[in-house]
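The structure that follows is given in the form of C-alpha cells.
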Amino acid sequence: MLRTIILKAGSNASIPSLSRQNKLLRFFATAGAVSRTSPGSIKKIFDDNSYWRNINGQDANNSKISQYLFKKNKTGLFKNPYLTSPDGLRKFSQVSLQQAQELLDKMRNDFSESGKLTYIMNLDRLSDTLCRVIDLCEFIRSTHPDDAFVRAAQDCHEQMFEFMNVLNTDVSLCNMLKSVLNNPEVSSKLSAEELKVGKILLDDFEKSGIYMNPDVREKFIQLSQEISLVGQEFINHTDYPGSNSVKIPCKDLDNSKVSTFLLKQLNKDVKGQNYKVPTFGYAAYALLKSCENEMVRKKLWTALHSCSDKQVKRLSHLIKLRAILANLMHKTSYAEYQLEGKMAKNPKDVQDFILTLMNNTIEKTANELKFIAELKAKDLKKPLTTNTDEILKLVRPWDRDYYTGKYFQLNPSNSPSAKEISYYFTLGNVIQGLSDLFQQIYGIRLEPAITDEGETWSPDVRRLNVISEEEGIIGIIYCDLFERNGKTSNPAHFTVCCSRQIYPSETDFSTIQVGENPDGTYFQLPVISLVCNFSPILIASKKSLCFLQLSEVETLFHEMGHAMHSMLGRTHMQNISGTRCATDFVELPSILMEHFAKDIRILTKIGKHYGTGETIQADMLQRFMKSTNFLQNCETYSQAKMAMLDQSFHDEKIISDIDNFDVVENYQALERRLKVLVDDQSNWCGRFGHLFGYGATYYSYLFDRTIASKIWYALFEDDPYSRKNGDKFKKHLLKWGGLKDPWKCIADVLECPMLEKGGSDAMEFIAQSHKS
C-alpha cells in the first residue's frame, strides 16, 4: 500500500559514473551558506531583518557590489523548477502521476528474479513519487499566501490521494508483494529495511480491504476520499467561533467591577441595552479575567469556546464516515481499525492508560484548584471544603482566569513578568541556542543559507542547512516563523520531502535536493518546513524584533525535535524515514525537547538581553517558572480528557446507533463524568482540530510525554549537554526512523528489557511512571 507516510531499503548502490556525479553535484546544497566567519550569523538573520533582506538580495537599495556578490538563480518552491506558479504545481502533479504510472507498468510486467528482488524498492519509489506531491500540497494549502496556489494544491491533493487509494486496493500489487515476502529464495536476499517496508505495505493493503470483493474495495476508496475532504473542511473551520460577538446586558457588566476603560471600547446594540463583546481580539479574554459576575463569565467563556452548527455537522459527518469505514473493514470501531500497528495495539489498552493517568492525577488536580474553590466559596458565602468532589463541582472553566488573577492580587509575587523574561529570548537567540545544543549532543549544527529567487513562498522565510560534523549537509529546514495572514494558526512541522537512497538507475534530480553518504552513494535530502506565528515588535524606527515568551520557546524546541527526527532518521527507504513511524511514537523526540526548553541550564545559556547582552539570571527564571507552573496537573488532566473524548468519538457505540449519535451530547456527558473543569455548556468539540489528524490516537501526546520524562531523567537530567547520552539517544532511537520497533528503541535507551515486547504490562508501566 502506498501511504502518505513512507521510505527505502536496500543493498548498497554502486558509486555513480563520473558523468552522473557531475550532474548530481549541481544539486548539492546549492543555496550558498552565509559566511561562518560572522559569529552571530544565525542570530542575525532572524533578529536583523534589514541584514537578512540585504544578504538575500531583497533590498532594492543594496549596492551594485552586493547585488553582484549575491546574484540569485531563479527556481521554484523548494528549488523545484516546476513550482513557480499554480499551473506549475499542476504540471508537477501530472508529471509525477505519469512517472508513477510508468513505474507501475514496469512493476506489473517484470516477473524476473531481478524484478522480484527490486519489487519492494520500487513500491517505495512509487510511494515517494506520490508523497512528494501529496505532502507538498498539504503544506501549500496550509501555509501559502497565494489563494491560487492553495486552490491548485487542493485540486492536486485530491487527484493524487484518489490515485493512491486506488493503488491501495490493487489486488495484483498486493499479490505480487505477498509472493515476494513468502518466497524464501527472494526474501532471504532482501535487507531488513525492505522486509520491514514490505510488511508495513502489506498490512496497509489489508487495512484497505484488499481481500474483499470489488464493490467493497470501491466503497473503501469512496469513503477514504470523502473522509479526507470532510476532514479538511473541518480543520479549515476550527479557528472560528459560532458567532462574531456575544450580547451581555449593560446592567450586568456595568455592575461587575470591570474597568470603565475596557467598557468604553465595547459597542452596544441598537437599543443601547446590551454590550456586543467580540469573540475575537483581547476584550472577551480581558473580561474573563476581571468580571466578578459568574453568569457573564459563563456566557463569554461559552461563546469563545463554541462553533457554528455547520461545524458540528462536519464533525458528526467525519465521525460517522469513520465508523462506517471501520465497519466495512470488519472492525468493531474506528479506534480498533486505527490502532493496528501502533505501540498501543488496541482501544482497551489505550483507555486503561488514560484512566490510570487520570486516577493518578485527579487528587493533585483538585489540590491545585483548591485556591479557586476557596475564593469562590468566600464570594458565594459558602462554607470552605477540602472534599475533592466538592472542589471539582464548585470550580468551573470560566472561573479559572478570574480567580487566578484575584489570587495573585491578594498574594503579590516578586516574580518577573513574561514580558521582562521575553527580552532575553529573541528568536535569533533561541535558534542559535538550538544549534549550539544540537552541536553538543548530536554533532549537528544549523547553518543559514541564501535562497534562490522563487525558492520560498514569503520573503520572511529563512533556510537552514543541517550540517553533520561527520557527513556534511544531511537535510534542509525552511523556517516560516513570523506571523502572516493566511497561515495555519497552529505551530507545525511539515515534511516536504523524505530522505531515501538514490539508486544507480535514477538520473533526473531536477525536482529534489541530493546529499552524499560517507561511502560515496547518494540520498534524497530530507526537506521540512517549520511553521509558527511569532509576532515581531517594533523597537526602533524601521527595526523590529521577535521576543519569545517561554511557552513559545518550548513550542520552537518541540517543533525542532520533529525536525531532528526527520534529519537523523535517514533510512534507505522513505516509507520509514524520520517521522514516518507509529503515531504514538512520533511525538517522543519533540516532547523530549520540551524538557530541554524548561531546563534552567539551557535557558541561561540562551537568554541574552536584546539591549545589553546581559545573560539572564537563574534566579529570575526560577521565580518566573514557579509562578507559571502552578496548574501543571490541571493541564495533564485536561489533555487526558481530550484523549478520552477522542476515544469516545471513535468507539464501538457509534456504529450501533449511528443515526442518533450526537457529538455535542456525547462531549458534554463525558465532561460531566470526568468532573474536572466541567464544560457542559459549549460545543467545543467542533473546535478540536486534532480529531482529524489524530483520530483515535490523540492519547499519543500524553503517552509520549510520560516516556519522554523517563528518558530525560535517565539521560539528560544530570547534564543536558551530554554528548555521550545524546549519541545514545541518536543511536538507539532517532537514527531508526520507523525501521526498528518503537518498544525496542525505548527499551534500549532506558536499558529496560521488560519493555521490548510492549503490550498491556508495558503500557501500565508507562502510565504508572507518570506519578514521578
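The backbone N, Cα and C atoms fix where each Cβ goes, and this holds for glycine too.
Residues annotated as active site in Swiss-Prot, with sequence analysis given as evidence: E559. Per Swiss-Prot, the feature Zn(2+) binding site maps to H558, H562, H565. The annotation transit peptide is assigned in Swiss-Prot to 1-37.
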Does E559 (active site) have same-chain partners at least 6 apart in sequence with Cβ under 8 Å from its own Cβ, and which are they?
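For E559 (active site), the qualifying residues are P491, A492, H493, L530, C532, S590.
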Just counting, how many other CB atoms are there within 10 A of the CB of H565 (Zn(2+) binding site)?
28
As a test of the contact definition, list every same-chain residue at least 6 positions from H562 (Zn(2+) binding site) whose Cβ is closer than 8 Å to its Cβ.
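In sequence order, the residues whose Cβ lies under 8 Å from that of H562 (Zn(2+) binding site) (at least 6 apart) are H493, I528, T579, V586, P589, S590.
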Among all protein chains shown, how many Cβ atoms are found within 10 Å of the Cβ of H558 (Zn(2+) binding site), not counting that one?
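That number is 21.
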Which residues, same chain and not among H558, H562, H565, have a CB within 8 angstroms of the centroid of the CB atoms at the recorded Zn(2+) site?
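Residues close to the Zn(2+) site, other than H558, H562, H565: H493, E559, M560, G561, A563, M564, S566, T579, V586, E587, P589, S590, M593.
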